[in-house]
Amino acid sequence: MTSGSVFFYILIIGKYFSHGGGQDVKCSLGYFPCGNITKCLPQLLHCNGVDDCGNQADEDNCGDNNGWSLQFDKYFASYYKMTSQYPFEAETPECLVGSVPVQCLCRGLELDCDETNLRAVPSVSSNVTAMSLQWNLIRKLPPDCFKNYHDLQKLYLQNNKITSISIYAFRGLNSLTKLYLSHNRITFLKPGVFEDLHRLEWLIIEDNHLSRISPPTFYGLNSLILLVLMNNVLTRLPDKPLCQHMPRLHWLDLEGNHIHNLRNLTLISCSNLTVLVMGKNKINHLNENTFAPLQKLDELDLGSNKIENLPPLIFKDLKELSQLNLSYNPIQKIQANQFDYLVKLKSLSLEGIEISNIQQRMFRPLMNLSHIYFKKFQYCGYAPHVRSGKPNTDGISSLENLLASIIQRVFVWVVSAVTCFGNVFVICMRPYIRSENKLYAMSIISLCCADCLMGIYLFVIGGFDLKFRGEYNKHAQLWMESTHCQLVGSLAILSTEVSVLLLTFLTLEKYICIVYPFRCVRPGKCRTITVLILIWITGFIVAFIPLSNKEFFKNYYGTNGVCFPLHSEDTESIGAQVYSVAIFLGINLAAFIIIVFSYGSMFYSVHQSAITATEIRNQVKKEMILAKRFFFIVFTDALCWIPIFVVKFLSLLQVEIPGTITSWVVIFILPINSALNPILYTLTTRPFKEMIHRFWYNYRQRKSMDSKGQKTYAPSFIWVEMWPLQEMPPELMKPGLFTYPCEMSLISQSTRLNSYS
């Protein structure tokens, strides 16, 4: 509720009644009728902006007009009238209040002195009926400053500098019905200050500095219907009956204060109250009988407080309640029978609340409920009889599908197929490759296996999207809490971490061999196997630790439909947040920095050697080829990881990140490395291209011989892959053959780099 909305309180003339035509059509659970025809449509087709019924019935009454907001349109014009430059509309333009200050405007019996730098209440004819003194410099209201205005009905004193009001300031205003004191500096109201305002219906004192009130403060307000004290600094309400001198009070707005609790006696005399707004306070405790006297209450707003526990029967006397807001409270648990007595409830807001024990039983008694609001759209499946449930999506999934976007539903299969095919192809072709360095081949196969897991992960997500197609919301919560989701999420993290660590290992091997060619020792079989095993063990530990302690990590992988824990700081435990940051901004960021630094150093080393080794004439061309290859390796790593680092960092800063980001990252960004690694590290290397050319040449030769009837003996399909250290003949590595050591270094570097170009 904003400060401007206070003017909507004109609607407080009586309690509204919502009339709805009876429906003879009976629909099954989760389906709702199309007006007066026999057709029924599922919940997800109602209020979706499309005329699915054919008679617009599914798009009617979609707005949440429960509570007093039902009267919004009726009094919308009045709101603008009261907040416009000329708030009055007298029947005659002629001024009937005698002489007025030069800067003021007058029409009929209404006086407008807004923004005229007045420092005191002007003296005009006593027959004035409305007076607006907004945006002036009035600091005090002395005794009897309005005593002559017996006919005054509306008094506007907003946006002045009023700090004190005399107990006799409003004496004589026997006809006043509306008093606005908003946006001033009032710190205290003396008991009896409103004693003469027997006809006052609206009292608006929002955005002041009031720190305490008591029942005597409102003595004399026998006709008051609306009391607005929002955005003050009240820390507590009196332990005595607050409405003792306001028997007709219908609307009490205390939003935006610092109230810590509500006591049983406070509201005991407010039996006519129909709207109670207590949002944005610091209420942390409620007694079971707090609202017992409010049997006519129609709307209750307790949103954005610090309530942790709700007594089971706290709402048992609120049988007329139609709108309840409990949003953004740290409520630990909602009882299964919490709402059983709210038989007329039509709108329930539970946004921002993690309902760990959610079940259909909670909402089944609410047969008149038409609107419900949750923190997670998956919760909507537990209220299938409610026509409108929000949110409809978390940006990743929708009520209908695990993957909300058609683009995502298509490309999850395309990306997974490309990823799996590329990596499986490289793995399967290894038996046909005679490699002098089995250890390098072993590392590449290990990398392909890790990347292939990412393709499998995407296949599984696509498969469950197909399984739940059209009715995902029925299965959403169970899916995210299921073992399948936990395992598939672990698979994605396993693939990611093993791939990152393997790329770092391969990069460091290249870095040492190229930058320090004479110190490079051929990696032994035992060392390589040990490193690979340690990398996989580390990946398994990182991926599966969150499954070992549910209390510490909560539902780590089940924060969204794709089971990937990229950013979910709003639902994670502190331990899970630290763990997630350690993975994405710890291990992965460090690995990315190492890779970028290593490739930069490798290229710089080759370039520096070429400056002094004039014997190598084609070095510039080789450098360009090398630079291009290194650029694409670093570029794909950056393309994959920089967006993830940015998203994770922004989530730590509490920046709101659209849910769609996660699905796009998981389907299009995260698999980039997994899909391109086979291309960058195998399919575009010189040995592979030479093997393809050789195979094609042999195929053409064999075909030519066959056409001539000659017998051919083509070499088998074998790719001879050379480890960089083995490509130079031993006799060429003798130092005596080179004038300068750097020449030998360059030859060695050039030879090593041939396998990467």
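Including glycine, each Cβ sits where the backbone N, Cα and C put it.
Look at Swiss-Prot and you will find 1-408, 465-486, 549-577, 651-660 tagged as topological domain 'Extracellular', backed by sequence analysis. The feature disulfide bond is assigned by Swiss-Prot to Cys27-Cys40, Cys34-Cys53, Cys47-Cys62, Cys485-Cys563. Here Swiss-Prot flags Asn36, Asn127, Asn264, Asn272, Asn325, Asn368 as N-linked glycosylation site. Under the heading Ca(2+) binding site, Swiss-Prot lists Leu45, Asn48, Val50, Asp52, Asp58, Glu59. Taken from Swiss-Prot, the feature repeat 'LRR 2' covers 175-196. The repeat 'LRR 4' annotation in Swiss-Prot covers 223-244. Residues annotated as repeat 'LRR 8' in Swiss-Prot: 320-341. Summarising the annotation, Swiss-Prot assigns repeat 'LRR 9' to 344-365. The topological domain 'Cytoplasmic' feature in Swiss-Prot is assigned to 430-443, 508-527, 599-629, 682-757; the stated evidence is sequence analysis.
A map of Swiss-Prot features onto the structure.
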residue: Cys27; record: disulfide bond; Cβ neighbours (10 Å): 16
residue: Asn36; record: N-linked glycosylation site; Cβ neighbours (10 Å): 11
residue: Cys40; record: disulfide bond; Cβ neighbours (10 Å): 16
residue: Cys47; record: disulfide bond; Cβ neighbours (10 Å): 20
residue: Cys53; record: disulfide bond; Cβ neighbours (10 Å): 20
residue: Glu59; record: Ca(2+) binding site; Cβ neighbours (10 Å): 16
residue: Asn127; record: N-linked glycosylation site; Cβ neighbours (10 Å): 14
residue: Asn264; record: N-linked glycosylation site; Cβ neighbours (10 Å): 14
residue: Asn325; record: N-linked glycosylation site; Cβ neighbours (10 Å): 22
residue: Cys563; record: disulfide bond; Cβ neighbours (10 Å): 28
The repeat 'LRR 2' (175-196) - residue tally per DSSP class, helix then strand then coil: 0 helix, 3 strand, 19 coil
Cβ-Cβ distance under 8 Å to Cys485 (disulfide bond), same chain, at least six residues away: Trp479, Tyr557, Gly558, Cys563
Nearest of the recorded positions (Cys27, Cys34, Asn36, Asn368) to Cys47 (disulfide bond) - Cα to Cα: Cys34
Recorded positions listed as Cys34, Leu45, Val50, Cys62, least Cβ neighbours within 10 Å: Val50
Other parts of the chain folded back onto the repeat 'LRR 4' (223-244), taken as Cβ under 8 Å at six or more residues beyond its ends: 1, 3, 6, 9, 12-13, 177, 182, 198-215, 250-263, 265-273, 277
Counts of helix, strand and coil residues, the repeat 'LRR 4' (223-244), according to DSSP: 0 helix, 3 strand, 19 coil
Cα-nearest neighbour of Asp52 (Ca(2+) binding site) within the listed recorded positions, Cys27, Cys34, Cys62, Asn325: Cys34
Sequence-remote partners of the topological domain 'Extracellular' (465-486) [C-beta within less than 8 Å, at least six residues beyond its ends]: 30, 44, 358, 376-382, 384, 397-403, 409, 412, 547, 555, 557-561, 563
Which same-chain residues, if any, lie at least 6 apart from Asn368 (N-linked glycosylation site) yet have Cβ under 8 Å of it: Val343, Lys344, Leu345, Lys346
The topological domain 'Extracellular' (465-486) - residue tally per DSSP class, helix then strand then coil: 17 helix, 0 strand, 5 coil
Between Leu45 (Ca(2+) binding site) and Cys62 (disulfide bond): CA-CA distance (Å): 12
Other C-beta atoms that fall within 10 angstroms of the C-beta of Asp52 (Ca(2+) binding site): 17
Rounded Cα-Cα span from Asn264 (N-linked glycosylation site) to Val50 (Ca(2+) binding site), Å: 48
For Asn48 (Ca(2+) binding site): DSSP state (helix, strand, coil): coil
Close in space, distant in sequence - Asn272 (N-linked glycosylation site), Cβ under 8 Å, 6 or more apart: Cys243, Pro247, Arg248, Leu249, His250, Lys296
